[in-house]
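In TrEMBL this protein carries:
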| type | residues | note |
| --- | --- | --- |
| DOMAIN | B:25-149 | domain 'Alcohol dehydrogenase-like N-terminal' |
| DOMAIN | B:196-265 | domain 'Alcohol dehydrogenase-like C-terminal' |
Ligand SMILES: NC(=O)c1ccc[n+]([C@@H]2O[C@H](COP(=O)([O-])OP(=O)(O)OC[C@H]3O[C@@H](n4cnc5c(N)ncnc54)[C@H](O)[C@@H]3O)[C@@H](O)[C@H]2O)c1
Ligand SMILES: [Zn+2]
Ligand SMILES: [Zn+2]
């Protein structure tokens, strides 16, 4: 099975679970995205420390393809950092979004990494993780595909 | 190095895996002294948390000796004896700063999975599936510990390895439950589950000044441990009617705080249990909430129910009416160990917290499959199987 198919399948599985709790989650192709198309994270830094002129590398790499905003968060929670694609194609369907296979997945992942850079100073390295023999099982392949997309997957 | 791995549903292996190395400046590499099975592993073993891959190294409750330190580590040196919290916290995000360490925004490199399931992602945990970060576990000779200045704690000289080990997960989990449930002096506290977690929750409730602490289970040897090592009262739910006994013990009120330390594979009796098992096996519900339901029914009006037991997704026949009409506070959490470990180690040093009795079976890594089988089946009075990677 192609990776794309696997990723999509993995997202579809979660999509089904979510639709049980959140009936709007899979009701329409655009469900889950705001009309304005912003993706957001809150960063525990003062607004003065979030310089839109010199964005953290993961966001800077998007250049003019994105718009970015920073607003103070209430109650000492830091700064609300928002980004959106200038060229907003229709968002992917819910399962693709949940699997990190939609057009905004890279931006979602970049926002999270930018937040970590601003808060911690570095993005946590995970690989290589010591592991034993990977036997091929359908579940394993599905999970691997999903893991690959997981950094960019989600509902934000 | 050798490591105990998840190979498939109810299939545990022991195999060679590569040694870990320092990857980030804040890492340490720990030579594992002791690493122990936790009730949470049973949910992975049984396939109830479906984000495991064959070959994943298990284990998240451990202590050992620092073997290597990254250049940014300031609190630890090679040779230090430390215990490590099972959840990985960055120490810099809003949640870590609030002391809600297991909710760390930056500890899980795969946030999409849990965000999709729960609306928000939580932190990462060692050896606990790709949904919680895909980190290698501690049932191995060595383990890499990221953010070590926050997650690793030096063990006082007077505290044995066997005692300090449980400051990693079981004790701070119990501490999280009793503390976050807001136990007050004079409260009556009931705890469901007499495993390591339930016992530690009971101990913390006593230290917080609870008037009476009662632990509910059906396994004799565990209830005996509660009476002799923890000093709390016990109820055997196969011998007595728990709801009636608790009502009588509290003058008809019900316990002020009810802590559930059983989790998604709760044992039960009668029609309700058959119903839950069938639904869980058909994947129509992911979790069996038997003890949570009972805790909600037992709790006094306006009291607090705390779920320490791990649940993954959806439950059925949830008594929301009782929660609403009795004005209950319902809370839960994965453990916020970084906040409680210093206090726990002090109390271990002064002898007020003792945990050695939990380590009923000490084994080598090669005995991993046997250890997990015994722990799962509660065979031979197994409360926890402890692995000693050095043999
Ligand atoms: N919140 C956290 O951070 C955290 C950390 C560690 C463990 N846990 C969870 O806590 C739970 C307990 O962990 P443990 O290591 O003590 O597990 P364990 O398997 O050793 O103990 C569970 C106990 O619950 C008892 N039990 C089963 N059904 C029951 C019922 N209906 N009523 C009363 N008791 C019942 C069992 O007999 C057993 O003694 C697990 O779900 C585990 O995943 C949570
Ligand atoms: Zn645990
Ligand atoms: Zn954090």
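Using N, Cα and C of the backbone, Cβ positions are placed for all residues, glycine too.
Where the annotation comes from TrEMBL, it is an automatic prediction and has not been curated.
The shown structure was predicted, so the numbers you read here are calculated from the model rather than taken from an experiment.
Per-residue confidence over the domain 'Alcohol dehydrogenase-like N-terminal' (B:25-149) averages 96 (mean pLDDT, predicted model). Residue counts for the domain 'Alcohol dehydrogenase-like N-terminal' (B:25-149) by DSSP state, with H, G and I taken as helix and E and B as strand, are 27 helix, 35 strand, 63 coil. The residues of the domain 'Alcohol dehydrogenase-like C-terminal' (B:196-265), classed with DSSP into helix (H, G, I), strand (E, B) and coil, number 31 helix, 15 strand, 24 coil.
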